[in-house]
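Undergrad: Dumping the structure here so I can ask a few things about it.
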Amino acid sequence: YVAAVYEHESILSPNPAALVDRQSALELMGRNLDIYEQQVVAAARQGAQIIVFPEDGIHGFNFTRSSIYPYLDFVLYSQSVKWNPCREPYLFNDTEVLQRLSCMALKNKIFLVANLGTKQPCEHTDPHCPADGRYQFNTNVAFSDDGMLVATYRKHNLYFEYAFDTPPEPDYKVFDTPFAGKFGMFTCFDILFFEPAVNLIRQYNLKQVVYPTAWMNQLPLLSAVEFQQAFATAFNINILAANIHHPTLGMTGSGIYTPVKSFIYHNMESYGGKLIVAEIPVITTDYKTGLEKTPGRVSEKGNEQLPPLFYAEMMYDIFTFVPVWGEKGELQVCANTLCCYLNYRTAVLTDELYALGVFDGLHTVHGTYYVQACALVKCGGLSFSTCGQEVTDATALIDFQLWGNMSTPYIFPLLLTSGITLDFADHMGWKNNHYFMSKNRTSSGLLTAALYGRWYEKD
């Protein structure tokens with residue numbers, strides 16, 4: 001099927017904390033919706049059957065709970081009522097944004113997914129009801145190609161979004177399409193947690209996911225395109241990911257991903273939006289990962305000097321590292337219960353410093369979640385203290401096999417190359433209670449090769 005995602009540079013309110021009336025809010029959102037409309041037309045012309053827009057794309061961000069209020073649409077949060085906002089605009093008040101999105105889908109005969117702020121009044125008898133008598137949600141909406149509202153999803157894992165409430169229960173939202181079956185949806189930070197993302201995919205055996213996001217890139221392990229690809233690979237699904245485009249905030253990185261191929265956009269230099277349209281296969285069966293030979297154990301030869309262990313901060317966590325020296329070798333590094341192993345041969349020798357790092361513990365900055373990671377990274381410079389820094393370019397080509405005795409089944413294989421481009425492992429999977437990934441000759445210089453494990457039970 002043909003899918004489209006749009007990386008949008010939002011027109012932002014100059015002062016999001018200021019209180020404005022509904023009319024001014026609609027005016028600002030209308031300018032973003034005008035751009036959406038042009039992109040829907042362009043995507044439909046290229047044969048797209050579904051288009052996905054980013055999180056916060058219509059209203060922007062940095063609001064307070066009260067300043068966002070005029071930007072919120074009312075959504076009837078009940079699946080029993082069938083509603084076409086374009087054809088039945090009179091049913092509910094404060095639905096101007098929904099009406100416009102619905103009409104775009106209808107006019108262009110395309111499925112459309114977008115993100116907006118919504119409000120829902122609640123009774124004080126409801127124990128979760130906020131003091132001001134209403135819920136405010138960060139919401140994804142999906143419209144069918146005739147403008148019907150077919151799914152609404154309220155973001156569960158908020159990322160310091162004080163204007164919004166967490167829904168009392170996680171939403172598991174799917175919608176049906178004639179061209180690719182069921183699609184599930186979740187938003188941004190959700191991708192790092194079990195609820196609802198992983199649970200949704202498992203319960204509904206999903207093969208397609210739409211994913212609006214407003215993601216601030218963080219190298220070396222959590223760049224947007226890097227993690228989106230890893231997620232598609234780990235769960236053997238297609239992901240249509242639309243990110244916001246604000247390079248000054250470190251926000252870029254969208255794509256259409258399959259487990260074996262991707263169409264991505266990552267651009268920190270220029271301004272303006274970007275439409276990606278690609279034809280991808282509907283996944284019906286599971287790809288088998290070819291398992292080659294069993295990884296060999298690291299031999300402890302008495303006369304060889306082991307490379308020194310050192311500690312450095314990466315992603316706000318203290319990783320235990322060993323340097324990757326010389327043309328080839330076998331390395332091992334452990335922390336807590338996790339041991340990581342690397343066999344490597346450098347195809348193109350350079351004077352760059354690489355290191356193999358391990359972390360097994362609770363990550364606590366910008367969110368709390370338990371990580372088990374084995375990571376081969378290019379360091380920022382030639383001293384140990386630069387390992388874990390954000391690096392975007394590399395020239396070394398390394399053949400490697402990386403594996404670890406992970407305690408969780410949820411492993412996201414990251415493979416990032418020079419200039420924030422993606423590569424695919426030759427082989428990966430489980431073997432003898434170890435998860436491994438191997439690659440001969442990356443397409444360009446290696447930035448990061450990592451097994452990023454999420455141990456959800458220990459969050």
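Keep in mind that glycine also has a Cβ here, set from the backbone N, Cα and C atoms.
This is the feature table in TrEMBL:
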- Glu55: active site, proton acceptor (ACT_SITE)
- Lys155: active site, proton donor (ACT_SITE)
- Cys188: active site, nucleophile (ACT_SITE)
- 15-282: domain 'CN hydrolase' (DOMAIN)
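Describe the structural context of these features.
TA: Cβ contacts within 10 Å of Lys155 (active site, proton donor), excluding its own Cβ and spanning all protein chains shown: 25.
Long-range Cβ proximity for Cys188 (active site, nucleophile), meaning a same-chain Cβ under 8 A and a gap of 6 or more residues, is found for Glu55, Lys155, Asn157, Tyr159, Tyr211, Pro212, Thr213, Ala214, Trp215.
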Undergrad: Can you tell me how many other Cβ atoms are located within 10 Å of the Cβ belonging to Glu55 (active site, proton acceptor)?
TA: 27
